[in-house]
Amino acid sequence: MKEYDVIIVGSGAGLDILEAAVEHGLKTALIDDGPAGGTCLNVGCIPSKMLIFPADRVLEVREAARLGIATEITQIDFASIMDRSAHLVEAEHLNVEEQLRKSRALDFYQDTAEFVDRNTFKVGNRMIKANLIYLASGSRPLIPSIPGLDQVDYLTNESLLQLRELPKSLIIIGGGYVGVEYAHFFQAMGSEVTLLEMGPRIVPSEEPEISELLLFSMSRRLTVRTESVAVSVRPAATGGVTVEIKHKGKNETLVAEKLLIAAGRRSNADRLKVEKAGIKTDSKGYIKVNAHLETNAKGIYAIGDANGREMFTHTSHAEAAVAAANGIHGQKKTMNYWAAPHAVFTHPQIASVGLTEHVARQKYNVSVGRTDYADIALGGAMMQQEGFAKIILEQETGKILGGHVIGPWASVVIQEVVNVMARRGGVEDIGRGIHIHPALSELIIKAVYNAA
Ligand SMILES: Cc1cc2nc3c(=O)[nH]c(=O)nc-3n(C[C@H](O)[C@H](O)[C@H](O)COP(=O)(O)OP(=O)(O)OC[C@H]3O[C@@H](n4cnc5c(N)ncnc54)[C@H](O)[C@@H]3O)c2cc1C
Ligand SMILES: NC(=O)c1ccc[n+]([C@@H]2O[C@H](COP(=O)([O-])OP(=O)(O)OC[C@H]3O[C@@H](n4cnc5c(N)ncnc54)[C@H](O)[C@@H]3O)[C@@H](O)[C@H]2O)c1
């Protein structure tokens, strides 16, 4: 039995905790049985955005015609696009791994951890214990129980990164963030893509008009089927995969070379056997935490995807800072998600922060303002006929409650709203800064003034 001051499971956001613990001179163990760096680096944000960047360029070239630039894409080297991403990821994770292995300030266990009791982990065939524990154990793809799925060679966000030949056709189950981002990527590369979403709209957590515009825009490039449930799956006689679906009550048969499952995530808490430490989980298996990110077991914190709250890398890092302050520095900080943003890197891009209009109306008197890209000078220069920014204000105070953008560079345009919301600011805070003309930032000031 080896004793530590701190044990951390997971080398994604867990690395932030590690840094705080080591800087504080604590005897620290880090455990991860996957590639160092976690989901974002290895199979999530980084590889997907390395792939989506060239996909965006393809769309730019295709759309250049409307500006009077006639051009043609003569070749897309799919294998080299996949390799570029894989090489960057590999170099980065080997770098992280080497630093962890070399460090004398910590012990790095590349093995699976499971609780034995409140303070003790079994890691491979070793036992280690600590009073202070951080669970940054993340999530993995949720594989729905569709009859026949185990008979076919389906892809996930992990295995698709091994592809070096572009599938001629692809069915994607799930119209959430993973589904729409990869639908954009594979269609841009040249696949014939069918996206299936069982709910009434794709990206269902976004504003309804954002889901609608994304659906409208994607439907020009691929087949999007909402209210479509995969009923069964089997190998196709011609090779590939057959998917039987129920679409608005009717049965249909779809065939494609490949099938991608993008039906959500599931917690890794089961792999940790958290019940042996008496740690409570919610109905989906995510680890329950309080406002200080501490579980019901004192001294055990859960951050990032492990707690299932806002499953984004930047939020995981924000949570790590709060949990490190509380557990390591003895503070009592509260995690605040008020201005936690996210972006979806599809085409068009989506970005959002704060409340949706529907949620805001349940609690506040609101006024809503919207500016289309076409209504600002740069949007006009871009001949951007679609896309908008929407701002939701509290009527009495002018405080910003939410901001939502769909269109080019949405992920950048939203940042001003995030910064103002983080200070609980409103109309005056946006208006105080002079906005560059003609730039996309004019979307926000105009939407704010429209709302006000
Ligand atoms: C395809 C895809 C694209 C995404 N794109 C974005 C994006 O653009 N922007 C964004 O903000 N977010 C994005 N996300 C979400 C983001 O990747 C996650 O929110 C983030 O990686 C969570 O980090 P984490 O540290 O909580 O967990 P992880 O990074 O998942 O780390 C958990 C680690 O714990 C290890 N582990 C788990 N259980 C055990 C155990 N019992 N023993 C030992 N080790 C264990 C795992 O091996 C893993 O390395 C994306 C996700 C996916 C799937
Ligand atoms: N850009 C980003 O920040 C980014 C990108 C990708 C993923 N992520 C993170 O990863 C999480 C997981 O993404 P995701 O897209 O896998 O999950 P998700 O939960 O966002 O979406 C899954 C979708 O699949 C649908 N679905 C589930 N089962 C189905 C079935 N049998 N048939 C048809 N549709 C089905 C659901 O209705 C849902 O809309 C996100 O919530 C986000 O936190 C972030």
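Using N, Cα and C of the backbone, Cβ positions are placed for all residues, glycine too.
According to TrEMBL, the protein has these features:
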type: DOMAIN; residues: 4-320; note: domain 'FAD/NAD(P)-binding'
type: DISULFID; residues: C40-C45; note: disulfide bond
type: BINDING; residues: K49, M311, F312, T313, H314; note: FAD binding site
type: BINDING; residues: G174, G175, G176, Y177, V178, G179, V180, E181, E197, G264, D305; note: NAD(+) binding site
type: DOMAIN; residues: 341-446; note: domain 'Pyridine nucleotide-disulphide oxidoreductase dimerisation'
type: ACT_SITE; residues: H437; note: active site, proton acceptor
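Structure coloured by features recorded in TrEMBL.
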| residue | record | DSSP (3 states) |
| --- | --- | --- |
| C45 | disulfide bond | helix |
| G176 | NAD(+) binding site | coil |
| E197 | NAD(+) binding site | coil |
| D305 | NAD(+) binding site | helix |
| M311 | FAD binding site | coil |
Recorded positions: C40, C45, G174, T313, H437 - member with fewest neighbouring CB atoms within 10 Å: H437
Residue among binding-site residues V178, V180, M311 with least C-beta crowding, 10 angstrom cut-off: M311
Fewest-neighbour residue among binding-site residues, criterion Cβ within 10 Å, set E197, D305: E197
Among G174, F312, H314, the binding-site residues whose C-beta sits under 6 Å from ligand 1: F312, H314
Contacting recorded positions for ligand 2, chosen from C40, G174, D305 when the Cβ sits under 6 angstroms of any of its atoms: G174
Entries of C40, C45, V178, E197, H437 which, being recorded positions, have CA atoms within 10 angstroms of F312 (FAD binding site): C40, C45
Alpha-carbon distance [K49 (FAD binding site); the residue listed as 'active site, proton acceptor'] in Å: 29
Span of G174, G175, G176, Y177, V178, G179, V180, E181, E197, G264, D305 around NAD(+) - largest C-alpha separation, Å: 23
Recorded positions clustered about D305 (NAD(+) binding site) [Cα within 10 Å; pool: C40, C45, K49, M311, T313, H314]: M311, T313
Counts of helix, strand and coil residues, the domain 'Pyridine nucleotide-disulphide oxidoreductase dimerisation' (341-446), according to DSSP: 38 helix, 32 strand, 36 coil
Cα-to-Cα gap, G176 (NAD(+) binding site) vs M311 (FAD binding site), nearest whole Å: 13
F312 (FAD binding site) CB neighbourhood, other CB atoms within 10 A: 19
For the domain 'FAD/NAD(P)-binding' (4-320), mean pLDDT (0 to 100): 97
Set of same-chain residues at least 6 away whose C-beta sits under 8 angstroms from K49 (FAD binding site): F345
